[in-house]
């Protein structure tokens, strides 16, 4: 009997020595390509000059694929990262897609509607082909949603142009909480999915020293120190 058992184990074992074949590996999350920005997709980068999808405080890309728009989001957070589609530059009455890192380590795509300063989750979720990952203290995701949707208050038609609201922040047990900064960045103009741009927005730390007024002030102070007081 023991000889028979040994024979069956050897017959059904794979080359690794396990009696049954293991499940095929899950495809890893494909890294976001930034060299396509402004060419085959539109991108927004917020953070340090020269940052990419893995180093920006916030990153978003969009591109049309047939009847869908594919979005890629990434942010320096362990909670959530989101994009809102708004008719103005203010929070309220906005269609929001958020990628949320839950307590099980998964990243899921949720649909929200901003009611004033509060984000209400909507059960009807237009996202599909969703994938996400939490690595190196960053939430990164990719999903598609249709360009055209039946007229509904909480889901906008993406063939129209909208201001894009960018936000990210912590999550508690898979539920989003207040965003990390008091005034999250907003696109300077309405965004068209039919126009691919690569737009960089410096974070607050770099805005201070890059504004023309501050540069002029630095020059004036330097000149004052070199010349000495009268």
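Cβ atoms here come from the backbone N, Cα and C positions, even for glycine.
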Can you check which of 190-208, 209-227 TrEMBL lists as transmembrane segment?
209-227
I'd like the per-state residue tally for the domain 'DOMON' (56-171) from DSSP, helix first, then strand, then coil.
0 helix, 71 strand, 45 coil
